[in-house]
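Listed features, source TrEMBL:
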DOMAIN    8-327  domain 'FAD/NAD(P)-binding'
DISULFID  CYS43-CYS48  disulfide bond
BINDING   LYS52, THR147, GLY148, SER149, ASP312, MET318, LEU319, ALA320, HIS321  FAD binding site
BINDING   GLY183, GLY184, GLY185, TYR186, ILE187, GLY188, VAL189, GLU190, GLU206, GLY272  NAD(+) binding site
DOMAIN    346-455  domain 'Pyridine nucleotide-disulphide oxidoreductase dimerisation'
ACT_SITE  HIS444  active site, proton acceptor
Amino acid sequence: MNEMSCQFLVIGAGPGGYVAAIRAGQLGLDTVVVDSIKPGGTCLNIGCIPSKALIHAADEYFRMREAAAAEAIPGVTAGTPSLDWSDVVGWKDGIVNRLNNGVTGLFKKARVKLVEGRARFVDGKTVIVTSETGEQRISAETVVIATGSEPIALKTLPFGGKVISSTEALSLSAPPETLAVVGGGYIGVELGTAFAKAGSRVTIVEAADEILPLYDGDLVKPVRQRLQKLGVTVMTGATAQGLAGEDGDLIIETTKGEERRIACDRVLVTVGRRPVTEGWGRDELVLEMDGPFIRTDDSRRTAMCGVYAIGDVAGEPMLAHKAMAEGEMVAEIAAGHRRVFDHRAIPTVCFTDPEIVTVGLSPLGAKAAGIETTIGRFPLSASGRAMSLDREDGFVRVVARTDNHLVLGIEAVGATVSELSAAFSLALEMGACLEDVAGTIHAHPTLGESFQEAALAALGKALHV
Ligand code: FAD
Ligand code: NAD
């Protein structure tokens, strides 16, 4: 068996693992990263990037259809557009490939060695990597577990046949004529919307009282209205019971105990993801668990000396940018820096239509924390930019402490508001007060002005509402 030793060993080359490896390499640590798939993990290969590519392509097609039906901006018309979904998927695969190569190039630049294969721990300092070419033993001073997460399957609807996970949904050769989505969370609503725009008849089945239950109802309302316009059927308080026969209708039970049947060509199950904590020799280590996740301290140290865990395997929120920030941090700690993880300003973006952005505390979250707050809200219907984009649905809301005006949280819902997430996070990270946001000259006409206006509204000095 081949033997290798290094200072810094990363298991998993997703956003957490690949960023940890690159930063460690940049800091001069002799670094090895192991993965059995192309670098980039879930996010780059079967998650964030491919889903956003398909969401965009479906939206382009939908807009052209609107123009063809003279439902777009007056004066903008188009011939009947056509859609070759397999070409769209090919375009998406090309983007993924370019990014795979980009990460490989960054590894080379940072002198990181990429080992292909599946790693299994022998002890806290050693793994055996198995690949088609055989086995390799790698030992290291510091080890980072970045094994990510995988889709949760429902017992009543195991994956296979017409029941698919997000992974298969991203590589279909054509949009299904009818699609049932079980789970109206991030993936279900993002991909459900994309398939509806691509021409599928979509039904979203959500167990909770509302889709996107993670978000405040005010933020979800415009998304619900848009889904209705797109012809998507949303069933809340409903759980999937299985298929009627091997290839039959999807059987749903409502909270009232009623049974419904949904005819569908495909069932996309998106009821959450679970951390990958099996299959890599966890039993050989002495780790503590926190529910399904590996327990870590605020520097992502596990219960074992020299073993770190980052990204989806180390806890919520299961988001790529949180994994990346943790990856960068653990590499710096291994290189001798003092770092702790500050989770106060992790933004969330839901790439629905309209998009939702949040960072920090919501009004309800602040109330639950017993903080007296002042809230400012600016509707996009009063924004010249939103009007010129022909999308006035949504708003920006700022939550601040009443006593010293410190901004605690910022939320928005609206078309293209994902790009405001940087401004929102920066304000929170820098400890901005309402006066800082209100006193910043924002370019006109931009959606960013709505952030300034929301802060002005909270100060009782709104100019445009
Ligand atoms: P992962 O990206 O899951 O990577 C883990 C890696 O570890 C994998 O490559 C796996 O092959 C490897 N691995 C596991 N076990 C072993 C082993 N034993 N040996 C070797 N390698 C191993 N997040 C966002 O922030 N924004 C989005 O828009 C977004 N969209 C998403 C859309 C979809 C459809 C999905 C599924 C997820 C999306 N996410 C999004 C979530 C995001 O993908 C994850 O939060 C992120 O990928 C987590 O990064 P990670 O490094 O922890 O793990
Ligand atoms: P999710 O947790 O966002 O949503 C799952 C939904 O399924 C919930 O609303 C839940 O109430 C519902 N559900 C659970 N069991 C059900 C059942 N039996 N029948 C009907 N509904 C049921 O999970 P997801 O959409 O699978 O996404 C997984 C994770 O991936 C997310 O939590 C997020 O961390 C990440 N992600 C992020 C983005 C983004 O940042 N834009 C996009 C996609 C995924």
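The backbone N, Cα and C atoms fix where each Cβ goes, glycine too.
In TrEMBL, annotation is done automatically, which means it is predicted and not curated.
Rounded to a whole number, the distance between the Cα atoms of LEU319 (FAD binding site) and CYS43 (disulfide bond) is 9 Å. The local packing around LYS52 (FAD binding site), expressed as other Cβ atoms within 10 Å of its Cβ over all shown chains, amounts to 16. Checked against ligand 2, the recorded positions CYS48, GLU206, LEU319, HIS444 give GLU206, LEU319 as the ones with a Cβ under 6 Å from it, listed in sequence order. Residues CYS43, GLY148, LEU319, taken from the recorded positions CYS43, GLY148, GLU206, LEU319, HIS444, are distinguished by a CB atom under 6 angstroms from ligand 1. Among the recorded positions GLY183, ILE187, VAL189, GLU206, HIS444, no residue is found with its Cα located within 10 Å of the Cα of LEU319 (FAD binding site). ASP312 (FAD binding site) is 23 Å away from GLU206 (NAD(+) binding site) when you measure Cα to Cα. Neighbours of GLY183 (NAD(+) binding site), defined as other CB atoms within 10 A of its CB across all chains, total 25. By the criterion of other Cβ atoms within 10 Å of the residue's own Cβ, the least surrounded of the binding-site residues GLY148, GLY185 is GLY185.
Comparing the recorded positions HIS321, HIS444 on other C-beta atoms within 10 angstroms of each C-beta gives the minimum for HIS444.
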